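Contents: one structure, followed by commentary.
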Amino acid sequence: MPSEVTPKVPERPSRRKTSELFPLSGSESGDIKANSEPPTPAGTPNVPTRRPILKAKTMTSFESGMDQESLPKVPLQRPVRRSTTEELNNVMNNTSKELEEIESLISKHNIHNVSRKKSPTSVEEGKVAAIHQNGQRSASDNKTSTNPSPLEKNEHEGAEGNESAISPSNLVNKSNNEVTEHSDSEDLTEKQKVHAALDNEAGDRSHFEEKLIPGDMKVQVDVSKDVEEGSLNALPPSGITESDDKAEKFTKHPESSLEELQKHQEQQEEKIFQNPTDEESTTSLNEKQEGKDNMEVNSQPQGPSDTETVIAATSSNVPSQIASEEENDVPVIPRSRPKKDFEAHVQKEELPNTQEKRVSEECDSTLISTEEESKIPKIPSERPKRRAPPPVPKKPSSRIAAFQEMLQKQQQQDLHNNGNSSATTASADIAKKHTDSSITSDTTKADFTSKLNGLFALPGMVNPGQLPPSLEKKLSSPDTESKLGPQDQSQAKTGPLGGTRRGRGPRGRKLPSKVASVEKIEEDDNTNKIEIFNNWNVSSSFSKEKVLIDTTPGEQAERALDEKSKSIPEEQREQSPNKMEAALCPFELDEKEKLPANAESDPLSQLPQTNAVGNRKAISEESLSPSEAIANRDQNDTTEIQEQQMEDQMEVDMERELSGGYEDVDSALHSEEASFHSL
C-alpha cells in the first residue's frame, strides 16, 4: 500500500460580513463568493447592535414580483357548456367537406415563391391552433353539426377577400422576381437557406400533429385566415393604390419582409402554447374583426365572379350565425324593443282561470266517482282464514291442582256467606228505615237547635247541660269498667303495651338476679279522677239598722238601698248563687279590697271588722223614710256631689271586678281560657 497521507481538515466556514442592508442580486453574490475566500475568524464574532431591516411587504414589491410572472387573463365571454351526446360521424363529414373546399381554393390560386412556402406554415399553424382550441373547449366546436364553424366564416372571408389578397401577393412576387434578377448569387443562397429552414419547421410540426391527432379525426384548418393575416401584416387592405405603393417598398427591402414574417409566426406559436385561455378570448375578437373586414371588402368594387361568391357567402353566414347562437345558448339582443300587446296579455290571463276551472271540475268528478265506488259493497277475492283453535293448556301437577281446588272452595264459601249476610242486613235496614222515618221527622228540628248552641260559644263559656267530648269520655270510662267482667279486665291489663319492647340478649340463658328481681311498672290507664267544684261564690246578707239623727244624707241613701235588697226572698238567692242580684255596699267592697292576702289566716284581724259591721247594722236599723231622705238631699248640694262621686267609684270598681284587674279585654279573655283548660 502507498504511504498513508494525512487528510487536511478544512476550516470551519464563517459568515461573510456585509455592510449593505439589502442582499445583492443572484449574479453579483455568486461572483463575490467565487472570487472571495472565507476569512479566518480573528476572535469572537461581534454582536450586531441593530437588527437587519426587512423589506416592506407593500404593493410595490408585490407588483414588481408579479410583473415578472405572466398573470392569466380573464376571457371576455364565459365558455358555454355543451352536451357530449352528439355523434362524431356528423363532425367528420363536415370537416372532410371543409378540407376539400380548402384544397380546391388552394389549387386555384398558385402563389409563386413566397406564397408557396408560406402556405404549409399557415396551414400547420391553423392546425396547431385548432388542436389547442379543441383541448380547452372540450371538443365543443367540432361537435356542432348544424351551425357553421369558424372555418366556414374563414372560407367565406377567403372567398370574398381572394382578389384583394391576390393583387398584393402578385405585386410581392413581381418585386421578388425583380430583386432576384438584379441581386447577386449570395442573396439567392441566403433566401434558399431561409426557405429550407421554414420547410423543415413545417415538417416537424406536421409530424408532431400526426402524433397528437388520431387517424380518424380530421382537424379544421383555417388557411384563409392565415393568408389574410400574412397579407395584412405585409400590406393592410386600404385599397389598390396603397397596395401598389407598399409593393414598391417591399421591392426595396425583401429581406426585412421575410424577417417580419418569421417573427410573426414565432409570436403566434408562443401565444398558442403559452396562453391557450387567451386564445379563446382572442378568437372571438378576431371573428368579430373578420366580420367587419368582410363588410369593408364587400364595399370595395370587384369583378362579377367575386360579387356572386360574396353574396352567397353572406347569405349563408346569416342563418348559420342565428343557428349557432341558438345552439350555443348565446342571448340575441334585438335591435328594437318589442311592443306589448294588451289583447294577448288579457287572453293569457283568462286562460289559466279556465284551466283552473277545468281542473277543479275534473277533481270533483273524480271525488264523486270514488265516493260512489266506496259505497258499493265489494266481494273479497279471498275468503278470510279461520282462526286456529286456542292451544290446549298443559295438565298441572297434583300439588298445583289441589291448591287450585282449595282456593275455589274457599271463594265459593265466601260468596255464600256474603250473600246471606247481605240479604239479612238489607231486610233489617229496610225495617229500620220504616221505623226511623217517623222518628227523624220529629227530631230534626230539635237536633238543629241543639247544634246551633255549640257554634257561637265564647271562650270560657260552657253550657250547664253539655260537657266537652273529652270530659264525657273520661267520665264514662268507669262505667264501662264496671260493665266488663273481671276476666276481661285481666285480659286487657295483661295485653302488650305499645311502648314496651323485648329486651335483646342471649335467649338460651337465664337473666342475672339483679335484672330478674327488677319489678315492672304497670301503667294504669284509668287512674285520673275529675272533681267539679265552684271557683267563686258571692253571698250578701242585709239587716235592718237604726239610723241616728246625726247621720249624713249620703249614709241615709245607702241604708235605703240596703233595705230594698232585704225585701228580695232568700230562695231566689239559693237557686242562682253565681249571679249578683243587687249592688253591694261600697264601704264593704272597699274594706274587702284593702284587706291583705293573709287576712283569713289571722283570726285577730277579723275582730275589728266584725265590730264595725255590727255598728253599721245598728245604725241602719234606725233609717229614715225615702221621702225624708229625698227632701234632705234636695236641700243640700253636698249630697249631690257625694252621690256623683260614689257612682263614679262604683263604676270603676265594677269594671275592675269584671276585667279581673287587666287593662285589655283580650288579655282577660286569654286568662279565662287558661283557667278553663287547667280544669
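Cβ atoms are placed via backbone N, Cα and C, with glycine included.
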Phosphoserine: annotated position in Swiss-Prot, out of SER169, SER316, SER671: SER671
Can you dig through Swiss-Prot and tell me which residue of SER224, SER517, SER627 is labelled phosphoserine? SER627
Which residue does Swiss-Prot record as phosphoserine, given the choices SER70, SER96, SER601? SER70
Which residue, chosen from THR6, THR552, is annotated phosphothreonine in Swiss-Prot? THR552
Quick check on the record annotations: which of SER256, SER324, SER421 is tagged phosphoserine by Swiss-Prot? SER324
Quick check for the class: what is the C-alpha distance, in angstrom and rounded, between SER104 (phosphoserine) and SER627 (phosphoserine)? 179
DSSP helix/strand/coil residue counts for the region 'Interaction with SH3 domain of ABP1' (383-396): 0 helix, 0 strand, 14 coil
All-chain count of other Cβ atoms within 10 Å of SER104 (phosphoserine): 9
Three-state secondary structure, SER104 (phosphoserine) (per DSSP): helix
Over all shown protein chains, what is the count of other CB atoms within 10 A of the CB belonging to SER627 (phosphoserine)? 8
